[in-house]
Structure formats: C-alpha cells, structure tokens
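Note sheet for the following structure.
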Amino acid sequence: MRSDMIKKGFDKAPHRSLLKATGLKDEDFDKPFIAICNSFIEIIPGHKHLNEFGKLVKEAVRAAGMVPFEFNTIGVDDGIAMGHIGMRYSLPSREIIADSVETVVNAHWFDGMICIPNCDKITPGMMMAALRINIPTVFVSGGPMAAGKTSKGDVVDLSSVFEGVGAYQSGKISEEELKDIEDHGCPSCGSCSGMFTANSMNCLCEVLGLALPGNGSILAIDPRREELIKQAAEKLKILIERDIKPRDIVTEEAIDDAFALDMAMGGSTNTVLHTLALAQEAGLDYDMNRIDAVSRRVPHLCKVSPASNWHMEDIDRAGGISAILKEMSRKEGVLHLDRITATGQTLRENIAHAEIKDKEVIHSLENPHSEEGGLRILKGNLAKDGAVIKSGATEVKRFEGPCVIFNSQDEALAGIMLGKVKKGDVVIIRYEGPRGGPGMPEMLAPTSAIAGMGLGADVALLTDGRFSGASRGISVGHISPEAAAGGTIALLEQGDIVCIDVEERLLEVRVSDEELDKRKKEWKRPEPKVKTGWLGRYAQMVTSANTGAVLKIPNFD
C-alpha cells in the first residue's frame, strides 16, 4: 500500500507513535488510509451541512474496512463575494484548494481519497488536485439546494434575487416584493438550485466518471445522499484493489463527454474554464476548438434556470443526469460509452437502466431546444483565442451595436444604474481578466441589473472577466487575449460597432486591421490593480482564460 511509507518497518516507529496518538490501533496499520477531503464552511450555504456529511463518510469508510482521516479546505461563496473585492479571490481560491489538497495527501501518503465538495471553485479545485495526486478517488458532493417559493407562489432562486435588485432599482417591483424574493430565494442548505456553476461542475463530475450516478441532481436534503456516501466508500475500496486512478478515468474522451452533457444542459460558461484546467492537470492537449466541435454535434435537451423555471430537483425527478446521458447515447458519436468510471463499471453500464420520466424537463433527441449545444465558442478579431456565450440562455442569436466602455465592474455597475446604458448598446467591461482583475471576477451584478431593468434582450455585455452560472442574456465572457495582455478588447473606443453572431460563432469589432495596429502601438499597459499578497502573486503567475487560467511555473533560466 502507498501508506506503508509512513507505517511499515522498524524505522517508522515514530510515525506509528504519532498515529496512535490520533486513536489508531496496531490492527489499523494493515488497512488502507483514506483521506476525507471535506469543505465544511459555515458561511457557505452549500457547505454548511458538510460537517455532518463528513461524519457519515467516515462511518462508511470504516464499515468498508479502511481508516478515514478528515481534513478541510478553504472556500469562497461567490454569491456573497459578488460585487466587491471579495470576488477577486474566488477564482484564485481554486488554486489554493488544489494546492492544499495536494499538500495534505502527498505529505501523508494516503492510499485513496473521498472528496466532499459542492460550490463553485471547490469542486474544480478538488478535481484538479485529484488528477495531480492521482490516487484512487471518489467524489460525493453536498447536493443541490431546492428552489424557493415566494408568498405569491412564484418559484425563485438566487438569480431571482440578483435580478430583483435591478427590478427594484428601475421601479418594476416594490421594496416589499424584493424582500419577499430575498427571504425565499435560498430556502435550504445545498448548492444554488439552478444550472449555475456549482451544479454544472457536480454534474460534469458525474459524467467524467469521478462521481457516482446521482451526484449531480439528488438534493442536499434528500436521504438518497446518504446512500451515495455508502456506495462511494464501497466503490473506493474496489478502485484501490483494481488500482484505478483519476487519470485512468479522466481521458480526452471523458472530457468530450463532459462537454457533451454541458452542451445538452446549457451549463455555466465557467465549466469551460474549469474543465480546460482539468485537462492541464491530466496532461491532456485539449483546447477550445475541440469544445466547439462538441457543441456542433450535441443537441440542447434541457433548459434549467436561469434559462427556464426548471431547477435541479426537476432534473432529478425527470430521471437525473443518467437519463440525459441515456437519451444522448441514442445519437451516434456523441458519447464514449465504454470508458471506465468510479463505479468500476463503464459509462454504458452506469446508464443502462435510466429513462426520461418527464419530457417537458428533459427533451428527446427528436424535440431538442436546438440542434446544437447550449454553450458556444466565439472567435474573431475581438477574441482571437476565443470567448464563451451561454447560447441556451438567450433567444437573441445576432446583435450589433455601439460599445459603451467601462474599465472595471464597479464602473460598469455604477454606469448602468445611472442610466448610461440604453437599448441597442454593447457594454464592454474590460481589465477584469485573470491577470487584469486580478482573479477574473464574475459579472452577475451587471447582467442581473440589465435583466432586472428589462433590457436583457436589448443590451449585450462583453467582458474578459467571467459570468456567474446565474447570468443570462447576451453575455459573452472569457474574451482572450484579455485587456491586461493587450488583447483587442483593450483597444476598443467608445462607439466602435461590435457584432456578436451566435450562429456563425463570430465576435468582431468593425474596425480595420490597420486602425487596430495603430491603436496597439499607442496602448500602454495599466499599472496592476494589486501588487501585494496572494492576488499580487496570482496576477504574476496566472495564464489566459483559453488555457483554463491555471498558474504557470516561473522560468528562472
């Protein structure tokens, strides 16, 4: 066993002595040591219940004849961090999580790992670590939150609350109505109830094969979560016995399938960023062109909030992720069904008995929302290395208009609230990329303000930052190269005409190459917004969004 490094041989007497101080007995040294990587954090609703969750996982691991050791990671609640400097720490926290898990697991030579994530950056951070460490691993997330209901009976979620702010600001609802939405938008523990980033990543974790069937859709408060925990411990023991590791599971084909599900469900645009980072950790050469190819061959079968009023509980009721995959498998060339997963079985075996139970929630191949995926990669002279739009969350497929430029999210939000943005405008929020932000903050507050004011179909928003999975409308993010790297978005001037063509996958500014070259020569890189601490270091090391915004190792040659 891998853990023999710290528990076998006469020279490991000091190590065993320390381990006995934690409560271990001599007989425990013949059992696999299992890292329980938890993320219990009281300020995050999606993680508040994970303390008890972790206890159940440890019981299941002991029952399977193994020895559990629990530790915690950090986490950031993107909703609470939204709209202020806290959002700059969100994406960088992914790297800290990956590094911290790597540190604990490799320092103590565990034989296997069960990861308990749930919310936005915690799930991909742990997945990155699992691929980096490469020991047998199973993921069991904390599960989605249920949707809420206002006193009037309206179904609401977190995106409803954000959009309610814009609606109140523009006089469309009263303060009492906003308070009613606030009080009911997040009714329980769990990851926010729509197809936002957390649920998107937990669904992708399931199809990748790192998590068990049901992981993405079973609610946090559903007793079936406890059954998943028991299964996870049993399956982990099998993975250890068969030496099946994350890099055996997360192949190029598995990532294709993850993006296929993403396209079928119209997941968060953040999935592109995180899954590209996973590919980097797995040592795979996977780029945005391949994502685009998946998007072109996969139909859009589900519209989940914010694209509709359906939520994760509805997906679960309609058959869950397995039912979506089973329907997708009917189309040749969409899925790779014979690859291994954390169940010890193939994807084909995992979904064999699944079926759609509600075809209003999960559409059939014969009745898709669209013939192509709910996420699309755009390119053009404004995004030479690519940009991402959640095409399933807008009915507008082509938009052209003059740009209104803001050099930060705060500046943009103030401008929107002051009425500086009108129907037909293309809002540009720049210098908010991985390096420029730093941290590539999400733009949920500006998009929600625009939607809440009734301009969601009449104003486009482009940024080198990110969008929350709760964002909708004509929102194009991850523009690469970013402004801080001298990308074309940095060269735009007020009133330039910008064209977004979703069907043709184009993102262009109607300015000649000669004029852009002239502007590039005159452009001066702004001073970094942050020069000290973690964000200062992050800004110096982070790479572009089109490569997952991972950190690069400095070249000291």
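Placed from the backbone N, Cα and C atoms, the Cβ positions cover glycine too.
Record note: Swiss-Prot gives D78, D120, K121 as Mg(2+)-binding, and the candidate from E442, E482, E493 in that site is E442. When the CA atoms are compared, the recorded positions lying within 10 A of E442 (Mg(2+) binding site) are S468, out of the candidates C119, C192, S468. For the Mg(2+) site, the Cβ centre of D78, D120, K121, E442 serves as reference, and the other residues of the chain with Cβ at most 8 Å from it are V76, A81, M87, S90, L91, C119, T197, A198, N270, R466, S468. Cβ neighbours of C119 ([2Fe-2S] cluster binding site) (same chain, under 8 Å, six or more residues apart in sequence): S39, I44, G46, H47, G75, D77, D78, S191, A198. Geometry remark: K121 (Mg(2+) binding site) versus S468 (active site, proton acceptor), CA distance 12 Å.
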